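Here the structure is laid out as structure tokens; the discussion comes afterwards.
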Number of protein chains: 2
Amino acid sequence: MDLDNIGKLRKTHYAAEIVPTLDNKDVVLMGWAREIRLLGNLVFVVLADRSGDCQVTFLPKTKKVFETAQKLNREDVIAIKGKIKKSEKTTRGVEVLASEILVLNKSKTPLPLEITEKTPSDLDTRLNSRVLDLRKPRNIAVFKIRNQILESAREYFTEQGFMEIESPKIIASASEGGAALFPVSYYGKEAFLRQSPQLYKELMTACFERVFEIGHVFRAEPSDTIHHLSEVTQMDIEMGFATEEDTWEILEGLINRIYSDISKKQKDALGVLGQKIKVPKMPFKKMTYDDAVNLLNKKGTKFKWGDDTSREQEKLLTDHSGGPVIVHDYPMEMKPFYIAHHENNPKLSYGFDLLIDGIEICSGGRRIHEAEQYIENLKAKGLNPDSFADIIKFYEYGMPPHAGWAIGVDRLTMLISGVDNIRETVLFPRDLKRLNP
Amino acid sequence: MDLDNIGKLRKTHYAAEIVPTLDNKDVVLMGWAREIRLLGNLVFVVLADRSGDCQVTFLPKTKKVFETAQKLNREDVIAIKGKIKKSEKTTRGVEVLASEILVLNKSKTPLPLEITEKTPSDLDTRLNSRVLDLRKPRNIAVFKIRNQILESAREYFTEQGFMEIESPKIIASASEGGAALFPVSYYGKEAFLRQSPQLYKELMTACFERVFEIGHVFRAEPSDTIHHLSEVTQMDIEMGFATEEDTWEILEGLINRIYSDISKKQKDALGVLGQKIKVPKMPFKKMTYDDAVNLLNKKGTKFKWGDDTSREQEKLLTDHSGGPVIVHDYPMEMKPFYIAHHENNPKLSYGFDLLIDGIEICSGGRRIHEAEQYIENLKAKGLNPDSFADIIKFYEYGMPPHAGWAIGVDRLTMLISGVDNIRETVLFPRDLKRLNP
């Protein structure tokens, strides 16, 4: 293919930066020919890039340039040199009169996906052509919100004295028991992909005290729902010399910070998505599991102690609280082995969940820090302490009291950006059926 | 075991914050009983936490407290309440007179590892007891430097308009060819752990234009050296509408920023490690591969065109340049299929490496962006384009010219913190022989 070379030419502006106040300025734009219209003696090209788009107008007097523009396919990669002109005929009140054009890459036709969304595609088609799908302003907005969540979280954790850790993704044995693990062949040995950094982040409180980790975890659960993925981004904290109540303060501060930063710094993204968000007030409402059971029964839903709440019931609880609610003192039988028993009632635990808008966003608790109890709890859950020998040994040499929690980043992105399916929040989702692209 | 409960008590200070100017202040410290000395009628405990340590003195008049202190084991987890006193007898000119003590967890004795480093342990022993090993100030310093690298990089990339991406770690086929992949069983299908985000980050230039990714990559290379790990943290960028020279500017800016931030913000960590670092001047020296070959031969090392440089030769090149050096225009045969051919000489490529202090820290280049050439290059490297069908299709619908690079975070940490073995830079290293803890 005979393509133009970018040479010394560089983008001077993003498309969205072309505004009427820059009238008469010479600019270089680079992006995708999103729409091409031939109208009488003119060629109009909507040049789109990650910032948005801008109309570029080609006049017949620029003969070679004009002829090139006439032959453009949609999504051809182009660079244009031109002059900004105020214009009342365009929606944004401005256009660029092109004097030069480079065709940096050609696009085949027809496109597998309509980027302008004039013809909507189903999610499967969109994910198969994900790179084109991600050129849509709506999708770029979702990832701006996702990135803001991650950026605000890292800033906040660092301010609060947490050290970032990267614990291993390849592990020798199941971290929390259960069969939901992907096996890896590791130099001929059996290994697994971690389903959480749980055991490692707990260990790290025994040296770095306050730690956080943001990274992929892997769930081999064959759940084909709009809320489940096999490769999930999880945000974890763990605090030494702390109880679950200390972690609530961090959790409330973090959620408040994320919502507040997004409402201030991601106005455009929220606008594109048509989302309005309310920064939740601190402190959040607290409710024991027992009180939640009573409340749900009073509200007329039949709910047995020891049951897990359904989505509808979680919605009832957050609606009743008028905002995020931390449900705590869950039955021990509902929580994993590393959660500490409640000191006043061995049937209860120091485990908790955070619900926002009827969605469980975070799960956490006070942990066991004493080796004998750790082994006892493993046995009580039917797990074999021998498989945890590598972990248990550190509980014998100075494990501090500690507590922590984990937030599902994809779910939080879903909630804040208002998309219906968790797959919308991940660049290249992995699930029961999907391993491509 | 009968342990004390942390109750409402909380740490008021880190050990290193106890200074003579706080004379007479009441404080609560929590940490590990690093050393216990019984001297006459006194008990001296070195209480250590992640910040450093501080002497806590127990007087016999506090009878129960004194008796508890007498019975402490090394690395017991304790909380003490007490009053700060100036003292000329301690190295830091200060001590805390304890009035209360809680024993939050007991430690077994003897310890598997000497944390005070009075008896040095070999690396294998240290990694087996990694959580204890990580209580050493030297190791905490290494991870402060590592975290500063990551923090400075994220800040810098964001300032430069890069969007962070998280591409999948589970992939359907080999990303760069080669056999060095860990197989994963994915719901009964064959999959692999990515060896790099290369192909995905390139795709992302076709929507987000400028992207970076920091994350784990997996190398099933049976290399048992001090420079190789099987789970590696890699820092990647990719820039649309750019050439390799544009990526050099970002690379120089990043390295300069990291060194500058560390020299300003991590003085203590550098001090603990006895490291002095020099912030490299920009722009870095550039040298073609041809010139490097000539230079090496002139310096008396026998070097054939097309050979890879040895560590000694890389040291020669950086010594000659008096700082970091970018070696570019490598032979195409030495570079992967996605690197673009040099326009003036098809035997050469637009691939480059960055060498600092004789270590290859970064590798990158201008990429192919045209589908036909992509397929041709795959074939030339003996790879089957069918295995790349999922990737190639996006090259047919608007892939911009692009360039990028990747930095090994573990290696850079090694270089800046001055440790001898890459395993020192990772919390829980994974290699040919090690999958635990």
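Cβ coordinates come from backbone N, Cα and C, glycine included.
Secondary structure at A:R367 (L-aspartate binding site), taken from DSSP and collapsed to helix, strand or coil, is strand. Per TrEMBL, the feature L-aspartate binding site maps to A:E176, A:R219, A:S363, A:R367.
Within 10 Å of the Cβ of A:R219 (L-aspartate binding site) there are 21 other Cβ atoms, across all protein chains. In the three-state DSSP scheme, A:R219 (L-aspartate binding site) falls into the coil class. The annotation ATP binding site is assigned in TrEMBL to A:R219, A:A220, A:E221, A:E360, A:G408, A:V409, A:D410, A:R411.
Summarising the annotation, TrEMBL assigns Mg(2+) 2 binding site to A:E360, A:S363.
A strand conformation is recorded for A:E360 (ATP binding site) in the three-state DSSP classification. Per TrEMBL, Mg(2+) 3 binding site is recorded for A:E360.
The average pLDDT computed over the domain 'Aminoacyl-transfer RNA synthetases class-II family profile' (A:143-437) stands at 95. Taken from TrEMBL, the feature domain 'Aminoacyl-transfer RNA synthetases class-II family profile' applies to A:143-437.
Sequence annotations record features per position, and here TrEMBL assigns region 'Aspartate' to A:198-201.
Cα distances from A:R367 (L-aspartate binding site) to the binding-site residues A:A220, A:E221, A:G408, A:D410, A:R411 are smallest for A:G408. Here A:E360 (ATP binding site) is positioned 17 angstrom away from A:R219 (L-aspartate binding site), judged by their C-alpha atoms. Those binding-site residues from A:R219, A:A220, A:E360, A:V409 lying by chain B, with Cβ under 8 Å from one of its Cβ atoms, are A:A220. Here the C-alpha separation of A:R411 (ATP binding site) and A:S363 (L-aspartate binding site) works out to 13 Å.
For the binding site of ATP, formed by A:R219, A:A220, A:E221, A:E360, A:G408, A:V409, A:D410, A:R411 according to the record, the largest Cα to Cα distance is 20 Å, rounded to a whole number.
Annotation for A:G408 (ATP binding site): spatial neighbours A:V232, A:T233, A:Q234, A:M235, A:I361, A:C362, criterion Cβ-Cβ under 8 Å with sequence separation of six or more. Ranking the binding-site residues A:A220, A:V409 by C-beta neighbours within 10 Å puts A:V409 at the top. Applying an 8 A CB threshold to same-chain residues 6+ apart, the list for A:E360 (ATP binding site) reads A:E314, A:D353, A:L354.
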